[in-house]
Amino acid sequence: MRYLGIFVFGSLAVYSFASERMPDIEALPRGVPYNRAALYKRSFEFMCLDGSKSILYSQVNDDYCDCPDGSDEPGTSACPNGKFHCANKGHTAADIPSSRVNDRICDCCDGSDEYSGAVECPNICDELGRSAREEKKRQAELSRKGFAARKQLALDGQKLRDEKIKAVAPLKEERDKLLPTKEDLLQKKNTAVEKESALKNKHNEAWEASKEAKRKEKSNSMFREIDVNGDQKITLDELKKLDYVDSNRDGTVSDEEAKIHMIVDEADAEYFLNNMYEGLKSAKKLGEYHKNDQQEEHDDLVADEDREETTTGPTTDATPDGEMNASHMDEDNDYASPPYDEETNKAIEEAEAARKQYDELDVKLSTLDSQIREAESFVEQDFGSDHAWATLKGQCFELSEKQYTYKFCPFDRTVQKEKSSFETGLGNWKEWSGEPQNKYSKQTYDGGQQCWNGPQRSTEVVIECGEKSELVEATEPAKCEYRFVFRTPAGCTDPDHEEPTHMEL
């Protein structure tokens, strides 16, 4: 009997303790969550939860809003700012705006929000809970597999990071050894180039002097041809005797035509060289061209007449034009640059060799600097606390839609490609942009190609856990603002440390 008494006493104690800890479900006003039961403890009065005033407890859920914060009507739609708690036993509890209570739409899976009976809401919480648990189980399995893959990514990432760290020192050592050589080669190159430049300038100056002498000689020759009386002066009348000054080809040289070339009354040899020679030389060439053209027309006419008389005989045409062109070519060759002498050619070869040596070393040093910057940048990059993201740098992932192919290159850029292969930049790597508690859940890429009449394009990349790395979604929620979803083992967290989802029992 003593044991029975102890058992009864213990049972009563447990029941009493449970009664104090667990509120009576039936005693709770409709729409009140269990964790707020103490605030709705039955009494003569009820204090509005914002402390603004007290009302009779009988006024709770009387379908009239008394409290400014709506706390007196958790189970009706009387207060526009109220909240109704769906217990949803067997699934996940939820709070909905009290305005949805008895609105003929089933919001709670247990149907408790439509208690008026105007519409029948079946209790589907067990079914939804079962589906949610199955999905949670599936997600847990995915998380386990993904996290296992992440561990390997982390090992590979750490190895890659270590390799980059080890590579920096020898690269810098090699670069530092080559820098003095670069200075020596630069000095040699500068010396060789200066010598080359001096000899080329000397050659060009001699060539210019020779050209000017030839030009003066030809000018003096033309001057003597025009100066028929030999008085060392050319007059307008002497100029009018030149048929090639007849610009309109009417057979007579007018004063106006002559004054095109000579605006003074008399011209000596120096004035002629500086002001008249080039113009008259061009006019003479043009006149010769017209003469040859007329001769060619005449020859063609004679040839046509000959062909009418006989069908035999040679048919080749005369080529006075060719002769004229050859003459002009000979004249142009007078101004062609002569070949360099042996000393200059040798200086050119030495300068080219010095340039080549210096440029090759400069390219090598630039490559070393680039490798050093890349390695140091890689080491400084935030690839996650375990470096699981490191191996994804340098890779790109594509998703093909109807009109476009989207490309995501982690830590680099996002791209939209048309079927024609034309690419539009959607953004360049900026930062991790997840919430503080989950920093590595999002990435931001900005500074993309400018939108027409809009901002620069940008992309938000949402990271999800997956067994393999793949781009699974690409949308444009707002103009020029893109959203990618990228699944990868690097986005998986340890499932043993995830917070469980609360299910109402």
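Here the Cβ of each residue, glycine as well, is placed from N, Cα and C on the backbone.
Unlike curated records, TrEMBL annotations are generated automatically.
Range with TrEMBL annotation region 'Disordered', chosen from 134-153, 194-213, 414-433, 454-473, is 194-213. Ranges compared are 155-185, 217-247, 341-371, and TrEMBL records coiled coil for 341-371. Per-residue confidence over the coiled coil (341-371) averages 96 (mean pLDDT, predicted model). Counting same-chain residues at least six beyond the ends of the domain 'EF-hand' (214-249), those with a Cβ under 8 angstroms from any Cβ of the stretch are 255, 257-262, 265-269, 272-273, 276-277, 280-281, 283-284, 286-288, 290, 334-335. DSSP labels the residues of the domain 'MRH' (394-494) in these numbers: 9 helix, 58 strand, 34 coil.
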